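As recorded in TrEMBL:
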type: DOMAIN; residues: 15-168; note: domain 'Cupin type-1'
type: BINDING; residues: N63, H68, E73; note: oxalate binding site
type: BINDING; residues: H66, H68, E73, H114; note: Mn(2+) binding site
Amino acid sequence: MAILQRPKACSYRRFLLFRPKQAENTSNPDGSNVTMINVDQILGLNTLGISLVRIDYAPYGVNPPHTHPRGSEILLVVEGTLYVGFVMANPNNCLFTKILNPGDVFVFPFGLIHFQFNIGKTAAVAFAGLSSQNAGVITIANAVFGSNPPINPDVVAKAFQLNKNVVKYLQSRY
């Protein structure tokens, strides 16, 4: 039986392989860490229209409300218990939620705002497949309160029906 060998000039490592085996640091205000596995890490994903993320959650950690402008997401819980959900578009803004346990799968439709929250007392891990080689991500709070330059506080105060000083405080936090 012949053993398949790759030519010395061929390097498959960055073309087909990436190893997100270990838990990432979740010591941040959100208590979560997202490890992207897209065309930037694995060149072989180019033109395939898929990517993957590993999400590590500290106890009570959150992957805050965000959206993917170029892809849908399917989430598989590997460890822990997550409260997940997404919000449908206007005019009704219906919230769909579910509590997920290991082995459970949930779909977040293309472009909708969604989140995951670890409701357990232990760490959680999930993997998500995305329908794009680079789905992008827009974290809602970061975009609204942390834009550079900042959105005029009058605009944000009116849009969110908040006191202007509250808006300025929130902007200072991002």
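Count begins at 1; order follows the chain as displayed.
Each residue, glycine too, has its Cβ placed from N, Cα and C.
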List the other residues in this chain whose Cβ sits within 8 Å of the Cβ centroid of the oxalate site residues N63, H68, E73, in sequence order.
V53, H66, T67, L75, F108, H114, A128, L130, A135, V137
Between H114 (Mn(2+) binding site) and N63 (oxalate binding site), find the distance joining the two CA atoms and give it rounded to the nearest Å.
9
Under 8 Å Cβ to Cβ from H68 (oxalate binding site), same chain, six or more residues apart: give me those in sequence order, or none if nothing qualifies.
F108, F110, G111, L130, S132, A135, G136, V137, I138
Applying a 10 Å Cβ distance cut-off over all chains shown, what neighbour count does E73 (oxalate binding site) have?
24
